[in-house]
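Engineer: For reference, TrEMBL lists these features for the protein:
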SIGNAL    1-24  signal peptide
TRANSMEM  227-250  transmembrane segment
TRANSMEM  292-320  transmembrane segment
TRANSMEM  326-349  transmembrane segment
TRANSMEM  361-387  transmembrane segment
TRANSMEM  393-415  transmembrane segment
TRANSMEM  450-471  transmembrane segment
TRANSMEM  483-505  transmembrane segment
TRANSMEM  517-540  transmembrane segment
TRANSMEM  555-582  transmembrane segment
Amino acid sequence: MGKSTACLVGAIVILFFCISHVTSDASDHRYNKGDSVPFYANKVGPFHNPSETYRYFDLPFCSPANVEEKKEDLGEILNGDRLVVAPYKLDFQIDKEPESICKKRLTKEEVAQFRRAVLKDYFYQMYYDDLPIWGFLGKFDGGEKDDSAGAKVYLFKHIHFEILYNKDRIIDVFIRNDPRAVVDLTGDREVDVDFTYSVKWTETDIPFEKRLEKYSQTSSLSHNLEIHWFSIINSCVTVLLLTGFLAIILMRVLKNDFIKFAPDEEAVDDQEESGWKYIHGDVFRYPRFKSLFAAALGTGTQLFTLTIFIFMLALVGVFYPYNRGALFTALVVIYALTSGVAGYSAASFYYTIEGKSWVKILVLTGSLFSGPLFLTFCFLNTVALAYNSTAALPFGTIVVIFLIWTLVTSPLLVLGGIAGRNSQSEFHAPCRTNKYPREIPQLPWYRTTLAQMAMAGFLPFSAIYIELYYIFASVWGHQIYTIYSVLFIVFIILLIVTAFVTVALTYFQLAAEDHEWWWRAFLCGGSTGLFIYGYCLYYYHARSDMSGFMQTSFFFGYMACICYGFFLMLGTVGFRAALIFVRHIYRSIKCE
């Protein structure tokens, strides 16, 4: 165990070194007047389809003879960023009157391409000194977005840059489009366009350290904070009610234990509620499909550890707004380094419940989450390739991820499994298990697994659904979410409510003399993931304007993987809480 602990500590140190190195702010540059400032064009795509993005020069803009690409890290590529040097020259503190980039005759095909892009609300994204810039390609008047014949379509041909600076540092940058400097693309004909731009520099007293604050202000506006705190108060009330409910249950359990030794009429009345005592010889009977159950617990423990590390990085300010690819880099690195946690948790629990096949448990643990994720990625990456989108990962990046999985994830999984197997300990059951299982009585429909899962998932989901909207609007939209402290509080409440609800339903199951509670506790704990996926359907149809096969596939495909991860993580939390509860109540009686 000493070596395992040392390996874990070393992995954590490497993790924080890698993340801090990759996500360090490289934009702390100082400039003299006339210095060249890094300016990159990133991608274009429909405003309402955040996953459907294309390279900037996929549209017929003024393109240099040799497009110079920026070298990107793993997180930027996973984020769909494909940065190239922009065709604009914005030197430090140098104002420019309208200056031509190029004069170009657009062919009928290029006009049609721009027209389709404007009708689909295409926008472009650039980075100037690592500050994000957005702008729309044009505008249309009348008609519908999918009816080009009924709309007047115009392309913006002039961009005005307004740049704020403080001494030798750049603070902010804005884009202004002149609504009069447009070219009509309505007709199916060739068009001559002169693409121009201008620059205006203005000094400001905003310090450099606060230049990113404006991107997080939308999350911190007073009315938004009120909604967040209302969500937390609502969740806390749910927790208090559940705590009181569980306290009453435990008090009744102890009361019945005392009544057992003082038989009277009240004891006879309460006899029905103490049905859980009659199955003490079966309640610790190991579940069916032990290897799958242990693998699910190991994977859920790994995902829980991953989530905690992500929150730690977020709370210390690593994921500041528009730190390109930082979150994806962190997810890949932490998932790889925490695979040892999955191996250790699965193997140790598996051998605790007298499992025998060590290889089988490791294969199941290593593929239970990454297997469906890999299949989903293969399908979605094929779709992105068919669309020629930047969301498609290059072959080199796929090789890098495969090497990480082969050289880091798999060895750590095996090492964790070895440590778990060597740390064998007996399953501490307060009661001896009978040789033959007790027959489970006929149960009403509302005590079936599906009905219990529906009840178990509703309360935790109701505690987080308000916060879910802001998360979805950030991940699948263009809002910025930076109140990680509030999100962490909501996450803690989610864990508490999940644990309490699972314990309560486990008690009712045992009281009905149903001793097969192991899988039921896991499924009830994880059922919140199914509710979150149900919310995806609502969000897609009622709260977003996403459309198209590619965006729909990406949204429901990757959200299915995320909800599946929540299912495994919360299922693990629910089962662990139920196991502690069951051991506690059966210690309070004498098992013969």
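Think of each number as a place in line: the chain as shown, counted from 1.
Cβ coordinates are placed from backbone N, Cα and C, and glycine is handled just like the others.
Curation plays no part in TrEMBL annotations; they are all automatic predictions.
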Engineer: Rank 450-471, 483-505, 517-540, 555-582 by Cβ pairs under 8 Å to the transmembrane segment (361-387) and hand me the top one.
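Structural biologist: Stretch with maximum Cβ contacts: 555-582.
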Engineer: Would the transmembrane segment (450-471) count as touching the transmembrane segment (227-250), i.e. at least 3 C-beta pairs under 8 angstroms with sequence separation of 6+?
Structural biologist: yes
Engineer: Using a threshold of three or more Cβ pairs below 8 Å, and leaving out pairs closer than 6 in sequence, do the transmembrane segment (517-540) and the transmembrane segment (292-320) count as in contact?
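Structural biologist: Taking Cβ pairs at least 6 residues apart, the transmembrane segment (517-540) and the transmembrane segment (292-320) are in contact, with 3 or more under 8 Å.
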Engineer: What stretch of 326-349, 393-415, 450-471, 483-505 shows the most Cβ pairs under 8 Å to the transmembrane segment (517-540)?
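Structural biologist: Stretch with the highest Cβ contact count: 450-471.
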Engineer: Do any residues of this chain, six or more beyond the ends of the transmembrane segment (483-505), have a C-beta under 8 angstroms from a C-beta of it, and if so which?
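Structural biologist: Non-local partners: 219-220, 225, 228-229, 231-232, 235-236, 238-239, 242-243, 245-246, 249, 307, 311, 314-315, 319, 452, 455-456, 459-460, 463-464, 467, 471, 520-521, 524-525, 528, 570, 573-578, 581.
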